[in-house]
Amino acid sequence: MEVRRGDGSVFRGVLMPKHETSHPDTVVIKLGNGYNIGVLVGEGDDIVVKGSLRPGTPGALVPLLEEPLQPAEERVYIIGAGGTIASRVDYETGAVKPYLDASELATTIPELQRYASIEAEQLFSILSEDMKPSMWEAIVDRAARVLEAGYDGVVVAHGTDTMAFTASALSFAFHKGLPSPVILTGSQRSSDRPSSDAAFNLTASVLAASRAPFAEVAVVMHGETGDTYALAHRGVRVKKMHSSRRDAFQSVNDKPLARIYPFEGRVEMLRDDYRRRGESGLEVDNGFEERVALVKHFPGLISEVIDALLDRGFKGIVVEGTGFGHVSSDAIKSIERARDQGVPIVITTQTVFGRVNLNVYSTGRKMLAAGAIPAGDMTSEAAYAKLSWILARTRELEVVRKMFQRNLAGEVSERHILRLYRHIGGV
């Protein structure tokens with residue numbers, strides 16, 4: 001359709017439903033560049049209908065290549081687990097909803113075939129806030145079957161908000177042996193938006209899955225706000241550090257594994273202490289305990305929160321303490337109660353960077369005496385997934401403590417390196 005204004009300006013595009021709060025004389029149009037505008041129609045303006053589209057017609061995901069590519073010899077399997085990368089805007093409500101499946105993503109981004117022959121399936125169609133430990137198990141099972149079938153790598157398309165939890169969980173499930181990369185990726189902006197990062201991230205992920213020399217669980221997302229390179233972060237070391245930026249994901253207390261250049265077809269390793277592709281077979285240790293909680297210490301009723309979780313039968317609790325990992329004096333009594341009930345209390349720090357040290361102040365020493373388990377420099381996401389994984393294998397408190405203090409998948413460092421702290425002060 002066209003809106004022809006009395007001043008001679010013309011707006012062309014597809015008529016979209018308007019929001020319930022829009023002015024009654026406003027027309028919402030999706031322009032050819034993918035952006036929506038609202039045009040206030042008044043006297044002297046004309047609306048010309050040029051044609052119609054069937055509801056559900058795919059939007060901005062348009063193949064960029066005029067001629068089809070010959071698929072590469074490598075084989076990569078894409079597992080769809082929902083999230084923004086497989087979503088689009090619902091123009092009736094203005095909200096982002098799950099819409100596309102993994103096969104649609106693969107077919108609408110033909111550049112993927114430069115690096116691998118693609119097969120895909122949709123395992124879940126959810127937004128990532130609905131992810132659960134039982135779904136981690138399903139992803140592990142499916143990825144394991146794919147790798148057993150001889151694929152060169154696996155890509156899991158996942159929502160970004162809880163991706164670090166899932167990446168950590170998969171890292172522990174595969175920590176005993178992984179022959180090829182398992183890559184998690186997503187997008188900060190839905191696939192039907194012109195500013196979407198879906199195609200770039202998915203292409204970089206397929207490149208990593210098919211040709212990267214490492215055989216680990218990793219998250220591959222934009223490394224900067226442009227479209228130059230993506231970063232591959234070790235699954236147990238990554239965290240989403242910004243709500244909306246393309247380069248929201250960072251490695252915490254650790255270096256990324258690699259830079260991925262999807263337009264050049266190049267993988268630049270940033271470290272050499274990684275598990276090599278093909279040097280080990282597949283060994284899966286799947287299973288997670290769902291009754292694990294993650295709570296943040298705050299000035300107030302933290303002891304009552306811990307007590308309530310114990311009363312409700314939770315099997316383990318991760319507490320984000322302040323600074324070195326401290327909690328209030330009242331909460332120490334709750335840690336003692338948890339120990340007496342055989343429930344592990346793991347301590348991480350709210351500061352994100354740095355490590356838990358309960359040997360500096362008297363509060364920390366009292367916490368250790370009460371039974372708290374320090375998580376070192378683990379992220380809270382990794383600590384949560386690790387505790388969930390351990391509790392699916394044993395409930396004996398001392399065994400849990402010993403297993404938690406073992407470095408299974410590179411989730412903790414023996415010493416802290418100051419230069420790994422990324423200053424984000426803006427100056």
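Residue numbering: from 1, along the chain as shown.
Glycine residues also receive a Cβ, built from the backbone N, Cα and C atoms like all the rest.
As written in Swiss-Prot, here are the features:
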- 74-407: domain 'Asparaginase/glutaminase' (DOMAIN)
- THR84: active site (ACT_SITE)
- THR160: active site (ACT_SITE)
- ASP161: active site (ACT_SITE)
- LYS240: active site (ACT_SITE)
| query | For the active-site residues listed here, THR160, ASP161, LYS240, which shows the highest count of neighbouring CB atoms within 10 A? | reply | THR160
| For the domain 'Asparaginase/glutaminase' (74-407), mean pLDDT (0 to 100) | 92
| request: Report, in whole Å, the straight Cα-to-Cα distance of THR160 (active site) from LYS240 (active site). | output: 7
